[in-house]
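Here the structure is laid out as structure tokens; the discussion comes afterwards.
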Amino acid sequence: MPDSDNVHVLRPAARPTTGEATSPAQGSQAQGPQTQGSQTQGSQTLGPQPQGQQPTSPASGKATGEPVAGAETRPVGPSRTYEALARAQADFPQSELVHFGADKPLTLDAGVTLSPFQIAYQTYGKLNADKSNAILICHALSGDQHAANVHPVTGKTGWWETLIGPGKPIDTNRFFVIASNVLGGCLGTTGPSSINPKTGFPYGLDLPVVTIRDMVRAQAMLIDHLGIDRLLAVVGGSMGGMQVLQWAVSYPERVFAAMPMAAAARHSAQNIAFHEVGRQAVMADPDWRGGRYLLEGTSPRSGLAVARMAAHITYMSDSSLHRKFGRRLQDRDGRTFSFDADFQVESYLRHQGEAFVDRFDANSYLYVTRAMDYFDLAADYGGVLANAFKDTRTRFCLVSFTSDWLFPTADSRAVVHALNAAGASVSFAEIESDKGHDAFLLDEPELTAITRGFLDSAARAVGVA
Amino acid sequence: MSPRDLLIQDLTMKEAARAASGKRVDLLIIADLVEPGSRVLDVGSGDGELLELLATTRGCDARGIEISRAGVNAGVARGLAIIQGDADIDLADYPDDSFDYVILSQTLQATRRPKWVLEQMLRVGRRVVVSIPNFGFWRMRLDLLLNGRMPSTENLPYSWYDTPNIHFCTIRDFVALVEEVGARIESATALNGYGQKVRLNLPWAVWNLLGEQAVFLLSRGR
């Protein structure tokens, strides 16, 4: 539940000084040799930026891997401190990192190539000898690669620890689980807050607009890099589910089993509309500075917070909001006859907005929502979705939730119909839940059982112990 | 076997509707009708008992449609390919000839449009297997005759007002429907009240009396 002294979202918080930045939990643990190397190079790139003013400056302290006092606990201080920590992740993620140089450009749907670029990823479990036990996790709009480990910025547990872990349905004792940050993201994979090597400054809006298919192309290069021919499964919810579907269409021979949850084969007009509201909120913030806020030392915090608040409503259901908050007042006996957050639901949303701004880049929000808007699997197949899945041998399991009005059951059913028409092996279950779209991230016993059953069956078929 | 014999056996063989394996006898009979290695769609697959039987004992590529959420979720959790859907609507989405067999086990009487469902099955599958509870079974007739109440049995325990079985028929009614949709009966088996095959080559009228349920293998055209 949110704190009572909620931050006033529409007023930018004071900027922290560099000295307040502390390393997050795991600060000196997750650094692989690749990461170290990149940081050295990255620090040079950062050279032209004025030290002590750029939010990325804490990275220079972290690059050496020096233990910082208080590294074990979540740092306290103004929100901008977290924001600075998050920004540092864009170029120096506390994750495994793979660079693709000039010899491996990424061709984008926009008709241009991106090179060089990098992908930040986490892995859990061990790849077996015949490399048949790899499962790729695709994250949603506001997610990242920290699916099953403590988040380096927020200090919270991984976003999908309900499903991923030892003995869990995505069993890290059996499977080699890979989770990567999407292209356009802000936690280490190249995105608008990454340094553009041509200029030495963050890309901002100079980064080409990317699509779900571009994200998947980049992931395929990561899977190549890991030496894996075929993934046992690709699993993800919401935008992650879009990526799962795109994987199955783009690389059918590389996906044995696909599990898109709470997803759709195309983004609906209503969902594009919601995204546009969010983007307009960001762009209407004077601190957005035409996307150049990183260069100008500002941050469109209120705009991004409003975008997140609006979006967060769409992730829940009316009944879950009612159950959680009803019309209850926030730590007060009566109405204040002001525009303060009288209601708990207001306070909660403000908290959600504020917390999101601490860890997410505003331009990334524009890019990633745009990628979802552009998603329409059937478009390349004459509008006939079944043709996208022609001759597929991938086995599918789709899941939807009764109270999800953002990606309603009908969207999943449309994919099921197309898969049936293509003669694919497909399971589909609608799970009763009042938790709305976010249900796929929550502890839902039926989701757990279905995920376990589907992946166990796939593992049996492939011969994974 | 006389009705009296059947009544005597009834006292000692209450559990005979299930074979020693614990499987429903009608499912074992259905599985026997399916060629190994076939592509099979089970319409109304419940929690996947028949799908599992077909996959494990016949090596079939077996898929299911089931309307109940609990059934689907249980089956998918067992690793079976089951779609939540309504046979009355969703059969239309399957292409022609997409399966070697389409099976409807003890479900026809629960569909809203039995004739349409049967036609769709014959379109989607090269062969169709249908098992039906026989409302012409002698005990049903006796129940109605003597008690004047709608019959309910161990296999069909519902009251008339809350039964999902809205389109009951007898064996003879079903044979008439098969003729009407222009299908051919490849084989038919009636099971008595204990799930045993009524083995004698008897006329329909006798099967209609002695069979508590019947399993038909159908194909298109005559």
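Glycine too: its Cβ is placed from the backbone N, Cα and C atoms.
Per TrEMBL, these features apply:
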- A:1-77: region 'Disordered' (REGION)
- A:23-61: compositional bias 'Low complexity' (COMPBIAS)
- A:133-442: domain 'AB hydrolase-1' (DOMAIN)
- A:Ser238: active site, nucleophile (ACT_SITE)
- A:Arg308, A:Asp438: substrate binding site (BINDING)
- A:Asp404: active site (ACT_SITE)
- A:His437: active site (ACT_SITE)
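Positions of TrEMBL features highlighted on the structure.
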| residue | record | Cβ neighbours (10 Å) |
| --- | --- | --- |
| A:Ser238 | active site, nucleophile | 27 |
| A:Arg308 | substrate binding site | 24 |
| A:Asp404 | active site | 27 |
| A:His437 | active site | 23 |
| A:Asp438 | substrate binding site | 22 |
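Under the DSSP three-state reduction, A:His437 (active site) is assigned to helix.
Taken together, the residues in the domain 'AB hydrolase-1' (A:133-442) have a mean pLDDT of 96 on the 0 to 100 scale. Spacing of A:Asp438 (substrate binding site) relative to A:Asp404 (active site) is 8 Å (Cα to Cα, whole number). Comparing the Cα of A:Ser238 (active site, nucleophile) with the Cα of every entry in A:Arg308, A:Asp404, A:His437, these being the recorded positions, the smallest distance points to A:His437. Rounded to a whole value, the Cα-Cα separation of A:His437 (active site) and A:Asp404 (active site) is 4 Å.
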